[in-house]
Amino acid sequence: MSVRLTEGAIEAFSTGSDVASPFLQVVNIRRIDGGSGPARFRLMMSDGLYTMSSFMLSTQLNPMAEQNLLAPNCICLVKKNVTNTLKDGRRVVIILDMEVVKSAEEVGEKIGEPTPYVEGQTKSSAPSASSHTAQPLKPQNGHDASSNRGPSRDFGKKAMPALPSTPGGSSKVVPIASLNPYQSKWTIRARVTNKSSIRTWSNSRGDGKLFSMEIVDETGEIRVTAFTQEVDKFFTLIEVGKVYYISKGSLKIANKQYSSLKNDYEMTLNGETTIIPCEDSQDVPMVQCDFVSIADLESRDKDAIIDVIGVCKSVDEVSRITTKNNREVSKRTINLMDMSGKVVTVTLWGEEAEKFDGSGQPILAIKGARLSDFGGRSLSALFSSTVMINPDIPEAYKLRGWYDKEGHALDGQSVTELKAGGGGGGNTNWKTLTDIKTEHLGHGEKADYLSCVATIVYLRKENCLYQACPTQDCNKKVVDQHNGMFRCEKCDREFPNFKYRLILSVNIADCGDNQWVTCFQESAEAILGHDADYLGKLKESSEAAFDEVFQQANFSTYNFRIRVKLETYNDESRIKATVMDLHPVDHKEYSRRLIANIRKLAAQ
């Protein structure tokens, strides 16, 4: 009961023949840095007779080399591979799946006296038990690994199934992992995981348009961009989730500013490109993700692009914000928790925010989210991100099982709020108003962020409204010219009208203290229950009705998200507290948190 190297496999690989699951010995491993992309590993392998140094690990097998599972002298079963022929005729064998059947320590030495293979060279393939046979391997499932594969060079009968061919049968399909700019003819079969809308531009050289997509197969992923004529040709053909044969695109070094995919290259469609739908697509993966645990986010660099998956612990309502270029966009924040017990705030934008349904606490996976250090660690979906709800992947099923069994009982520790607490500790950054003073929140170099449950006890209605510039991209206060016109100094223009804006000073209180906070447009409108335009007209028409709005808002209780920072004005320093967000109290969640705090204090 032993494992024999598959003699003749190296010769077959070198001549482009297929080899069915050969046993090979690793002679040497060389790491090739990928620049901004993932590293690659090049192997020299031996079949006991010959060696060949042009084996490459696909990137999903990198952990085997990085964790030293692959080491010189170990014996491997190559389960799946593909041979790629370069322009100069050299062949590179991409290993897609392999298993170490005997470690380097168990083997101890190089088997036989293999020499580098030279085409046309012959060498006796008679097996030698002393030199070509490794020590016995423990049987798995009652079968001897060598009983099915003796040393044979008759590869015609044991050939791997041929790689898929294009519908025309003109060329074999190659894996994405093997693509490089030096190839002239290739066809890939891949699934579209993300597709942008059409974007246009206009400059001195003319007008143009483009769209991009991300595609994946079982070996890797790549970004694809189409310009102008190719946009007209392919945009309507491409559907997210569908599989296509793609041939004759142009390859170049990837611009990592626009792509977070783990590929050194990116593809551009051209006039010779063909894209044909593929019906047989079951073995093409839906998506390729490299998920990062939420607990590991604090060790990642700011602005890193990462993949994340978690359970939607809580979901906020959609809100509307105005961007720096005065464009209104939808925004929704979600609290995600994974099996580490950590929670992170994720922000969705635009259409993704509007259509997201968080009922039933679904599993949410995001490929290509940007990591921020705003208020601790948080994530934001990008234009290029892929957002998946309850994806059909093993990680999602594992996470769902864990959450339904035990995870639902955890409050979770927030990495978003953890750093913002100014030394707060606890399970999340929930604070009392007393903590602002006792923990000196806001006294550091950066502002601190906290969450608290508090009740409104007074609203200062004086000067809560101001007349602002009516243009969409300006909120500057205007000056009444007393001639029916209003002047904006920022825009250097006069207007016949204006818009109302809110700045509301509110005194809030909890069980320990009270605090003056400032509420701007969105949070002020949420407290008063009306928009600024309505309130401005109400104040002009009925002061009593205007006062009643403020009376109705008193003694309402909210979950406040507050930014605190020590500021100095006229040589006087004081804490400025600004409401960043507020929501009605979820009494079930609030009670659960209070009970957890009581138990924690009782155990001390």
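Using N, Cα and C of the backbone, Cβ positions are placed for all residues, glycine too.
Some features that TrEMBL has for this protein:
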- 5-103: domain 'Replication factor-A protein 1 N-terminal' (DOMAIN)
- 111-174: region 'Disordered' (REGION)
- 121-134: compositional bias 'Polar residues' (COMPBIAS)
- 186-268: domain 'OB' (DOMAIN)
- 294-390: domain 'Replication protein A OB' (DOMAIN)
- 449-594: domain 'Replication factor A C-terminal' (DOMAIN)
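The average pLDDT the prediction assigns to the domain 'Replication factor A C-terminal' (449-594) is 89.
Taken residue by residue, the domain 'OB' (186-268) breaks down under DSSP into 6 helix, 45 strand, 32 coil. In terms of DSSP secondary structure, the domain 'Replication protein A OB' (294-390) contains 12 helix, 50 strand, 35 coil.
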